[in-house]
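The transmembrane segment annotation in TrEMBL covers 30-57, 64-87, 107-124, 144-166, 186-212, 233-256, 276-294. If you look up TrEMBL, you'll see 46-292 marked as domain 'G-protein coupled receptors family 1 profile'.
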Amino acid sequence: MKHCFYNETVGFFYNNSRKELTTYWRTKDVLVVALGLTVSVIVLLTNLLVITAIIINRRFHYPIYYLLGNLAAADLFAGIAYMFLMFHTGPRTAELSLKTWFIRQSLLDTSLTASVVNLLAIAVERHQTVFTMQLHSKMSNQRVMILIFCIWVTALLLGLIPSYGWHCLCALEKCSSMAPLYSRSYLTFWAISNLVIFLIMVVVYTHIFIYVKRKMTRMSKHTSFHPRYKETMISLVKTVTIILSAFVICWTPGQVVLLLDGLGCKSCNVLAVEKYVLLLAEINSLINAIVYSYRDNEMRSTFRRILCFVCYRNSKYTPTVVKLNTADRRTLSQNGHFTVDSSI
């Protein structure tokens with residue numbers, strides 16, 4: 001029968017994994033916490049702004065924007081989880097109970113997984129709309145809600161699995177170096193799962209990129225295409241390039257480090273870069289709000305209305321009239337209903 005160490009302290013497992021556990025605040029710890037809290041606050045504010053904009057503007061009540069809102073919610077949750085980590089790291093780690101430590105890690109795993117899976121859902125949705133020459137998906141609201149529900153169920157399952165058994169409390173030789181209470185096999189599974197999702201996303205967006213480039217080449221040979229349509233296509237290429245670059249830069253290093261730790265690489269100094277790759281992944285939650293939302297003209301306009309609410313309230317400004325005056329610059333669907341000219 002295996003002997004389990006449920007009554008041991010967090011320090012016991014850190015010593016077992018040879019991970020340093022400080023008892024005082026070092027300059028490095030203070031800088032990491034200060035930077036982490038700053039990023040978390042910005043992530044919270046920007047994604048809260050995105051969610052508010054999608055709720056108050058009826059023109060955002062389409063599947064893609066519901067997914068963007070859910071992405072913002074996942075990133076908002078990631079900001080909260082990272083902030084919780086910053087208040088329970090450094091010398092405070094030694095004071096944590098095993099339950100609190102698992103909560104700290106589960107919050108991070110759940111939020112980051114929800115963000116990644118949501119990014120995949122957006123990639124698939126954009127692929128469908130681009131190749132069917134539609135601005136918005138014909139997916140019903142009910143299906144979107146089911147998809148969002150499935151995203152969170154998947155994230156919760158992956159985030160809570162270690163707390164309910166996939167840990168190393170009963171097998172110390174299998175403990176991770178980066179997460180001393182986690183089993184290395186779980187880290188391997190989690191890293192490979194995310195890397196597979198990354199690969200799928202790269203394939204999807206690369207396919208979109210190639211299609212749009214070919215479409216633009218054919219369009220350049222004809223003069224019958226509306227200039228606004230060509231402008232939208234060019235904007236889409238730029239957006240796709242930014243998405244891929246930011247995603248690869250922010251996420252790949254962390255997943256590679258996790259995989260190396262999970263595989264038990266002895267010569268890899270994963271602990272030296274642990275905090276930095278996690279912060280880099282968190283920064284992607286901020287970049288998501290910028291790339292997916294701030295490049296949309298209608299979204300930016302809504303942001304201004306929210307941030308200058310008092311100014312608009314005290315004036316005779318009427319958003320509807322202004323928007324209708326620029327209707328010619330936007331795209332109308334075949335049934336005559338107004339749709340947003342999105343560059344997402």
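Indices start at 1 and increase along the chain as displayed.
Cβ from N, Cα, C; glycine included.
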Same-chain residues at least 6 beyond the ends of the transmembrane segment (144-166) whose Cβ lies under 8 Å from its Cβ atoms: 63, 66-67, 70, 74, 102-103, 105-111, 113-114, 117-118, 121, 181-183, 185-186, 190, 193
Annotated stretches the transmembrane segment (186-212) and the transmembrane segment (276-294) touching (3 or more Cβ pairs under 8 Å): no
Stretch in 64-87, 107-124, 276-294 most in contact with the transmembrane segment (30-57), if contact is a CB pair under 8 A: 64-87
Overall pLDDT for the domain 'G-protein coupled receptors family 1 profile' (46-292), taken as the rounded mean: 85
